[in-house]
Amino acid sequence: MCSLITQLCDAGQLADYVGLGWLNAVSSQPYLVQALGLQPPPRRVDVDAAFRDAEGLHGHQPWVATPLPGRTVRALFIGINYYGTSAALSGCCNDVKQMLATLQKKGLPINEAVILVDEDNFPGRTDQPTRDNIVRYMAWLVKDAKPGDVLFFHYSGHGTQCKSRGDSDEKYDQCIAPVDFQKSGCIVDDDIHKLLFSRLPEKVRLTAVFDCCHSGSIMDLPFTYVCSGGEQASGTPHMKRIREGNDVLGDVMMISGCADEQTSADVKNTATFGTGSTGAGGAATQCITCMLMNNQSLSYGKLLIETRDMLKRKGFKQVPQLSASKAIDLDQTFSLTEMFSVDRSVQ
């Protein structure tokens, strides 16, 4: 079936990611065994150059779904297994398959998708997830976005930290590791923020999922979910401003696999999560996609709580985080396409 799907993509036809997401995959070792550790500060991204490089780039339509009239839907998927290196993982490309399958089954009408993975026979693959490609396609994702448009971003791979360059109050910057990070360096949270948000207009909806270590604040968004009495406590959840000066015009929400100081785990057999998939994959991606598929009317708050609870029941210590560009009304029904209702009591 894998070869059939690849042949269909090569022939310009659409891949069945729902079917692909349910295929068997090779078992893996946990991400935790292969944590990268502290990395040297990388060179900064030239954001203007990235947007120039994004001119003329295009994605492909991954499936046919009922369109959103007058609105464009773009998506960027990144999965990196670091094949043949000391940093090798096994489940990250499977995470992308699982996320694609989930969005296809939910009927998200993606007009253009870009898939950056280091798995050569991945159906619909755009290119390798090198530093240069990730940077230019981040710019592509938001380039020319207009009010009403919908954007989706998914990253599964290594996340790590580097010492801050001193331009923030934080001791460490969070960063993601491209497939060529040992040669070209990582991409820090400050640059991720600038690439995705510096030119994002109002009333654009962007959802991001980061399944990697040290990802809690990797987008440097100003508001985060908190719960009185601790992250797993039963107190009243609410949004809290944690940053000044990082305001974003668009409606952006990120779910990360863990807090900044934590690592994100892999599982050898994702069948234990009941998502329909098997083989290696990220625990956070499996829980998030399970929640999206099996609960049609979850609120933003419940989506995070249920994801955390599922991980805890299965013995994982990581605590997924929710951050946003605005103080989301956590009782609002979660949507990939609709703008936020805002909790006006949060300043």
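Any Cβ shown, glycine's included, is placed from N, Cα and C.
In the three-state DSSP scheme, His158 (active site) falls into the coil class. What Swiss-Prot records for His158 (among others) is active site.
The active site annotation in Swiss-Prot covers Cys213 (among others). The secondary structure of Cys213 (active site), as reduced to three states from DSSP, is coil rather than helix or strand. Cys213 (active site) has a Cβ environment of 31 other Cβ atoms inside 10 Å.
Per Swiss-Prot, the feature Ca(2+) binding site maps to Asp173, Asp189, Asp190, Asp220. Secondary structure at Asp190 (Ca(2+) binding site), as computed by DSSP, is helix.
Averaged across the region 'Regulates substrate access to the active site' (1-70), the predicted model reaches a pLDDT of 66. Residues or ranges marked as region 'Regulates substrate access to the active site' in Swiss-Prot (evidence: similarity to another entry): 1-70.
According to DSSP, Asp95 (site 'Important for Arg/Lys-specific substrate specificity') sits within a helical segment. According to Swiss-Prot, the feature site 'Important for Arg/Lys-specific substrate specificity' maps to Asp95 (among others), an assignment based on similarity to another entry.
All protein chains considered, the CB of Asp211 (site 'Important for Arg/Lys-specific substrate specificity') has 34 other CB atoms within 10 Å. Annotated site 'Important for Arg/Lys-specific substrate specificity' per Swiss-Prot: Asp211 (among others), in sequence order, evidence recorded as similarity to another entry.
Packing around Asp190 (Ca(2+) binding site) is summarised by its Cβ count: 20 other Cβ atoms lie within 10 angstroms of its Cβ, all protein chains included. Sequence-distant neighbours of Asp189 (Ca(2+) binding site): residues of the same chain at least 6 apart with a C-beta under 8 Å from its C-beta are Asp173, Gln174, Cys175, Ser217, Ile218, Met219, Asp220. For Asp173 (Ca(2+) binding site), the number of other Cβ atoms no farther than 10 Å from its own Cβ, over all displayed protein chains, is 27. Here the recorded positions are Asp95, Asp220; the one with the fewest Cβ atoms within 10 Å of its Cβ is Asp220.
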